[in-house]
Amino acid sequence: MSRHPMVTRLLCLVFSCLIILACSPAFAGHGAPKAQKTGILLVAFGTSVEEARPALDKMGDRVRAAHPDIPVRWAYTAKMIRAKLRAEGIAAPSPAEALAGMAEEGFTHVAVQSLHTIPGEEFHGLLETAHAFQGLPKGLTRVSVGLPLIGTTADAEAVAEALVASLPADRKPGEPVVFMGHGTPHPADICYPGLQYYLWRLDPDLLVGTVEGSPSFDNVMAELDVRKAKRVWLMPLMAVAGDHARNDMAGDEDDSWTSQLARRGIEAKPVLHGTAESDAVAAIWLRHLDDALARLN
């Protein structure tokens, strides 16, 4: 039976990491079982936009404040982002590289917290990596993975409430707010319409659109036409206000959401703040991390 190319690449990477571990002095010999050493691995898609990076830094600060006795490490799932960061001299390990490094440092139990928005392809790839590292003879004893932002129906409702708490103070009643998600061909794209349902229960002028999924920007425009909107707020539904937020949402290009709104006579008010900058939204990720840590025991 042939393997999916992604699975084959993952296995090759894991085996390469295991060879490195096997040759490491930290794993030489057959001493007594290691004492439990717990760590946290925060995993984001990543961003190459320097102005957007403080959002992730702030998330890391929150995690360290909540768990001051547990070391925190980082990894990034986007290969292209890792390459750009490394070209700038910034350490940017993949999840597999980070887990191998933590095993070499002597960690035995690791809570991996996804900072993705939905359980799409990136999150499921992270699950496969984490499962591959758990229970290896000279690796990590236990690895648990915290859900992404919208991991359950209850999360969708909580995220809707958190987004309402994060709305711009200058927004006037009746002014639509459009949250831009990434979108995906993965079945998890259904999370966006699910979030839309809970937002509409709170405020009928809160809309969800995506760059590559559903609802599309055409769907959003249809809703704005019904509302005869003259002023619309645009906010990223992504952990950071990176390339999509600054170009696809707020850019000067003809196909940006801001430009398309302007051609219809609608004033766009982009807000370049990722969801990881919102304390209310971040609290949901922190709860997922607490659950992941609890599952280590």
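Every residue gets a Cβ built from N, Cα and C, even glycine.
Here's what Swiss-Prot has on this protein:
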type     : residues               : note
SIGNAL   : 1-28                   : signal peptide
BINDING  : His124                 : heme binding site
BINDING  : His182, Glu212, His244 : Co(2+) binding site
ACT_SITE : His182                 : active site, proton acceptor
Cα-to-Cα gap, His244 (Co(2+) binding site) vs the residue listed as 'heme binding site', nearest whole Å: 22
CB-centroid shell, 8 A cutoff, Co(2+) site His182, Glu212, His244, site residues removed: Met180, Gly181, Gly183, Thr184, Thr210, Val211, Gly213, Met238, Asp248
Neighbour count (Cβ, 10 Å) for His244 (Co(2+) binding site): 23
Binding-site residues compared (His124, His182) - highest count of Cβ atoms within 10 Å: His182
Same chain, 6+ residues apart, C-beta under 8 Å of the C-beta of Glu212 (Co(2+) binding site), given in sequence order: His182, Gly183, Thr184, Pro185
